[in-house]
Amino acid sequence: MKGRTGGLTAKMNNQNQNRRQQENDQLVRKADQNKISLAEIFMANSQQLGGLEDGKVTKMYFHKFLFMEQVCFAFNLMGLGISVIQYDLEYEEFYNDDPMKDISLWLLWLVFVSSCLLVFLTVYRYQAHIEWMKSRKSMAPGDQIWHTDDWLPMLIELAVYCIIPLPFTKGIRVNFYNSIQGSEAYYHVNEILSLIMICRVIYLYRTLLTLTFWYNNRTQRVCNLYACESNYMFVAKSLLRTMPYTALFIALISLICIFGYAVRICERPLSRNDPTSNNLGVFQNALWNIIITITTVGYGDFYTRTDLGRFVIFIVCVLGIFVVSVMVVTLIESLKVTSLEGHAITVLERVALREKLKHEAALVIILTAKAALGYKNGTLTRKQHHQLIVRLKQTLINFKMTHRQHKTKQDENSLNEEITNQFSLLKNDFKQLMERQQVLISTNNLIYQKLGFDNNKSIVNI
């Protein structure tokens, strides 16, 4: 019976080896016929192999997407910088024969051309992001931008990039009446467009988040492993956890400068009529107004007087509440005691209480001896004896309280040690159980070998 079983097992093993060899030969023959490599066959069938992906190819697509993100960042930043310079030139309203007027017009054309290129590069950036997602098998090979959730953010981003100061609207005014100043003022249309153009800063922040450690190919894999979404909010949370003060400081300084510039655009037309009182057209005054607003102080020495300026300040108030709240939470979290610090503090408290207990005990002994000797020798008056007894009672009360506090700290430490010891015992029991299981597995393998069965097939059949 034993010999018949062993022969049957050997025959099955030979059949399995022959089948594997035939499959490998067919795979190699298929690669030779189609002139493709085994790596390409593996990538083509990676979804059926458990969603595996080629790390080098995925990394290549990610770097392509990252490059397009940086190119869009450069064009976006260039457009914003040129618009800031052009705004000051158009506000001055140079005469027709002044060469600065021609420079302002050329800057408008430069903003227009750079924005057109930025629109094209943004579409290509979203396409590079889709290719990256396809290489990671997060999207189907035939999916396009309108099949995903990215089409609406892309349209919004393109619309934001299209709102720019134009050469065709140069010099056009929009008049309005300011009731606080009691006079008429006017905006240039390009000034209002420059104000709206500040919304581009959001996408500058997005690029800065993309360039951090928390947004890369590895992060995507780890987040998928733990079933969480790796997006820009995840990057912001990671930065607030790892480097909270640096992230908040950069955000606060940048927001003050951006909204200070916005308030300056909104309030500067009033300085054409009266440049002396409450002049927020001066950038330093606008910055100070944003600082006292975003920190929820509000001195009132500078305040906005136009409708656009008040709308900007409303946004600053909302952001100020958020920023201050995050700063308070960050400060509280940083002041929390860790578990190791808690153990160290407990030990030091016990040492301090032990020293205090020794001092109180020595004081009790000294006062008791002093009262006994004074009573025996008759050297103390009745008043002195009474004062000594009162002091001795107070010292005994202090000694009892210190002793109770020391005992409480000892009980807390004993409880922590008991919990730690219990976990150590459970760990040892689990280790012994694993060792016994390994012994049983080894014994079963020896039995299977003596019976002539294949170990893996026998376990599967069982």
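Count begins at 1; order follows the chain as displayed.
Backbone N, Cα and C define each Cβ position, glycine as well.
If you check TrEMBL, you get these features:
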- 254-333: domain 'Potassium channel' (DOMAIN)
- 1-26: region 'Disordered' (REGION)
- 65-85: transmembrane segment (TRANSMEM)
- 105-124: transmembrane segment (TRANSMEM)
- 145-166: transmembrane segment (TRANSMEM)
- 186-205: transmembrane segment (TRANSMEM)
- 243-262: transmembrane segment (TRANSMEM)
- 282-299: transmembrane segment (TRANSMEM)
- 311-332: transmembrane segment (TRANSMEM)
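Residues in the domain 'Potassium channel' (254-333) partition by DSSP class (helix H, G, I; strand E, B; coil) as 58 helix, 0 strand, 22 coil.
Sequence-distant contacts of the transmembrane segment (145-166), counting only residues of its own chain at least 6 positions beyond either end whose CB sits under 8 Å from a CB of the stretch, comprise 76, 79, 83, 86-87, 90, 108, 111-112, 115, 118-119, 122-123, 126-127, 129-130, 139, 189-191, 193-194, 196-197, 199-200, 202-203. Listed as Cβ neighbours of the transmembrane segment (65-85) (distance under 8 Å, sequence separation of 6 or more from its ends, same chain) are residues 107, 110-111, 114-115, 117-118, 121-122, 124-125, 128-129, 131-132, 161, 164-165, 194, 197-198, 200-201, 203-204, 207, 210-211, 261.
Across the domain 'Potassium channel' (254-333), the model assigns an average pLDDT of 89.
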